[in-house]
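*Asks:* Here's a structure for you.
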């Protein structure tokens, strides 16, 4: 039987999790998917070389979305470029960046001959760079052409983001009022007018990728897991693929990611036992309620760090019997203790690339002599506030386990700590 603390955690999850059985949630899902498939089809019609398949990704599609159905993630897999033998990879010239590769495209296998590239450029390396830049520019042109004429379903309209100011000064981004490009990603900013959600802003990320068979070069998942591990037995490593995302600022360089595999692994664990999903949602809920944010309301502790810790925990304890709703507080306590240790070390190994840090700035940084005083103060302030909050979370869970307190800490959270990011502040002042 669940204790008071477990009952409280289950109540907290129900209070903040998206109700997937809600008809309006399913209606929003259907309309968003319709928009994305319309974009996908239209891109292929406008430019057949960019014909693509839609892949659903992100928290909404493994039933771990919290608060509202306000974020959707999709990949557009470029079918022709993802065919075997069309694209080849070699390690990036700087070994420090193991997640980057240089791409070669055999355009003769595609019957693709963009005249502006092939007629005027003789150098093979430059030709490759231009070919890859052409993919990106033609994708953007197709998207803009599509959105200019696309009609939206009833109840949904284009809107602008409250974070528009930030988007305007982020490097490498182009803000276009109702949608923006960030590298290979398109973000649509939409608004839903419904009954349960009368005024819901929704962001939809649509990212074009090239799919490659096998695990990426930096990933040792298949080597670190024994053959009897559930992930291996389920064939998730043997049937794995990874994606390439175009890095526009680095010539022919592409970033290797494991978005589809990550999604499959998370869905696999959640299918084994729903208690693990509850635990993962609670990690995000507690983060949202009590951890520090910047002046735009964005958490310094990103979801990816929590996801990374959760995946490691599932890998270490794969038995579905381990994940029980009457032991939620114990699971949360363990994960937050590991999170505190990672933040104190300023390093959390990425789940798929253990040499890469899953913590983001400023949590991955230490004050340095060469930094400006304001930046060092900012890094120290975020670090100290984050450690203090996580220590409080750990203490509340320990007290809950010891005395079965009801964890009012999460139902009556105090005012959030807001720490101003000097980069954002400078840009805001320039805007004004």
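Cβ from N, Cα, C; glycine included.
On a predicted model such as this, the values are computed, not experimentally measured, just so you know.
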*Asks:* Going by Swiss-Prot, 71, 73 bind Mg(2+); tell me which of 7, 154, 205, 222 is listed for that site too.
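*Replies:* Among the candidates, Swiss-Prot records only 205 at this Mg(2+) site.
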*Asks:* Let me know which member of 90, 233, 284 Swiss-Prot also records as binding ATP at the site of 59, 71, 72, 73, 259, 260, 261, 262, 303, 304, 305, 306, 307.
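*Replies:* That ATP site, as Swiss-Prot gives it, pairs 59, 71, 72, 73, 259, 260, 261, 262, 303, 304, 305, 306, 307 with 284.
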*Asks:* Determine the minimum-neighbour residue: among 258, 260, listed as binding-site residues, which Cβ has the fewest other Cβ atoms within 10 angstroms?
*Replies:* 260
*Asks:* Between 72, 304, which of the binding-site residues has its C-beta surrounded by the fewest other C-beta atoms within 10 Å?
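*Replies:* Counting other Cβ atoms within 10 Å of each of the binding-site residues 72, 304, the minimum falls on 304.
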*Asks:* How big is the Cα-to-Cα gap, in Å, between residue 306 (ATP binding site) and residue 262 (GTP binding site)?
*Replies:* 13
*Asks:* Around residue 262 (GTP binding site), which residues of its chain at least 6 apart sit with Cβ under 8 Å of its Cβ?
*Replies:* 307, 311, 351, 352
*Asks:* For residue 261 (ATP binding site), what residues in its own chain, 6 or more apart in sequence, show a Cβ-Cβ distance under 8 Å?
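*Replies:* Result: 215, 236, 240, 241, 242, 352.
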*Asks:* Using DSSP, would you call residue 259 (ATP binding site) helix, strand or coil?
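*Replies:* Going by the DSSP assignment, residue 259 (ATP binding site) falls within a helical segment, counted as helix.
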*Asks:* Ranked by the number of other Cβ atoms within 10 Å of their own Cβ, which of the binding-site residues 59, 259 ranks first?
*Replies:* 59
